[in-house]
Amino acid sequence: MEKLSIVCLLFISFSMLGSADVGKWIVSNQEKNITCLVVQMDIKVNFTYTISDNSTKNVLYTIPVNETAVDMTGSKCGEKDTLKVSWKEGNDFEMTFSSNGSLYDLSLFVVNLNTSSLFNDSLANQTVSVNYENESFGIPTNHSYHCNREQMFNATNGYLIVAKVQFEAFKMDNTQLFSRAKDCDSNITPDIVPIAVGLSLVALIVIVLIAYIVGRRRQQARGYLNIM
């Protein structure tokens with residue numbers, strides 16, 4: 001049976017806007033001596049849970065990256081690369097990646113939270129599952145996906161909010177380094193480009209119009225002189 005080696009690396013990333021917890025998780029196949037999956041990101045979950053008086057409460061919860069007791073037993077390399085991280089009395093998140101050979105994608109991103117272990121005002125034995133299933137990345141094989149800005153995914157029972165993201169699945173080497181990245185903004189045309197093009201067209205129209213008016217006036221002036 002193949003042996004699976006799983007490593008969880010944690011670090012704190014700082015930006016000009018403040019500090020953000022960024023986790024880095026590595027899934028490896030020890031027998032084949034390869035690292036198949038590397039995920040790095042800051043994860044927040046926006047969801048609603050029921051409190052003790054039976055009313056509801058909306059919260060923004062940050063997935064902790066500094067938990068001392070983290071279990072990654074459910075992570076695996078295979079036809080589908082999977083990262084599963086569990087912590088503190090029944091809380092976990094799972095990311096599953098699928099591939100068609102030339103492209104791979106995030107096919108499942110689910111966060112399960114035992115609210116009674118996280119919030120003192122929660123009803124007992126309450127679990128909230130925030131589930132996102134929408135293959136929308138389309139990352140070429142042997143490439144990573146990168147996005148520094150915040151992204152919000154509309155999920156079942158809430159929203160998943162990620163930032164400072166970089167991940168690569170179906171790796172076939174023994175390093176924890178990312179391959180060449182497909183950036184989330186690489187196909188987005190900056191707003192300044194269409195604005196500049198529009199202004200250039202307006203300027204061209206104005207120049208043509210002025211040239212036309214000047215030309216007409218010169219023709220009229222020549223006609224007047226000929227009559228005289």
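Backbone N, Cα and C define each Cβ position, glycine as well.
Here is what TrEMBL records for this protein:
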DISULFID  Cys147-Cys184  disulfide bond
DOMAIN    22-172  domain 'Lysosome-associated membrane glycoprotein 2-like luminal'
DOMAIN    193-221  domain 'Lysosome-associated membrane glycoprotein 2-like transmembrane'
SIGNAL    1-20  signal peptide
TRANSMEM  192-214  transmembrane segment
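Local packing around the disulfide-bonded residues Cys147, Cys184 was summarised as the count of other Cβ atoms within 10 Å of each Cβ; on this measure the leading residue is Cys147. According to DSSP, Cys184 (disulfide bond) sits in a coil region rather than a helix or strand.
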